[in-house]
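What TrEMBL records for C108, C111, C151, C154 is Zn(2+) binding site.
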Amino acid sequence: MCGEEWRLTTSETERVNAAVQRLRRAGLRNTAARRGVLDQLAHAVGGRGHLSVSELHHALLARGVVVELSTVHRVLRQLVELGIAHTVPVGRTTTFGLADDIHHHAVCGTCGDMRQLPAEAVAASVAAARAVGIDTDQSGHPNGVVVYGRCVRCRTTDR
Ligand SMILES: [Zn+2]
Ligand SMILES: [Zn+2]
């Protein structure tokens, strides 16, 4: 990761810019820490989708954005409060991802690997939950549908 050329794709940049505008509307400046966290979260969308606080912290330091761990925590809390990011627990770790599109999550309960699931993929589960009075709130706290299982890598190394 260190020294690696690090560039956002066009769609990642669009996500970050939209989030920065929401921060500005909430009266929050586009600081290096906020921008760095948003860059990492946008970059993660195409892969695992979510990152833990320490993963984000390490990634920022590797890119030369020198911030305290406590700052990363504070930035993430603000993003979650504004509905820009949301959280999913993986074991005892809280992971953070951008909440700019409606998605759900499939998690490997063994290694914590994660993939985002499109809303259509779990529409029936969401409708069933709503029918029994549980609404899946997409912003803020643990929400939506989380499918736990084991990833290909863990299944093969386990044999
Ligand atoms: Zn997510
Ligand atoms: Zn796994």
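Yeah, the Cβs are placed from backbone N, Cα and C, and that goes for glycine too.
Counting neighbouring Cβ atoms within 10 Å of each of the binding-site residues (C111, C151), the lowest count belongs to C111. Here the binding-site residues are C108, C154; the one with the fewest Cβ atoms within 10 Å of its Cβ is C154. The Zn(2+) site is defined by C108, C111, C151, C154, and by the 8 Å test on Cβ atoms against their centroid, the other residues of the chain that qualify are G109, T110, G112, D113, R150, V152, R153, R155.
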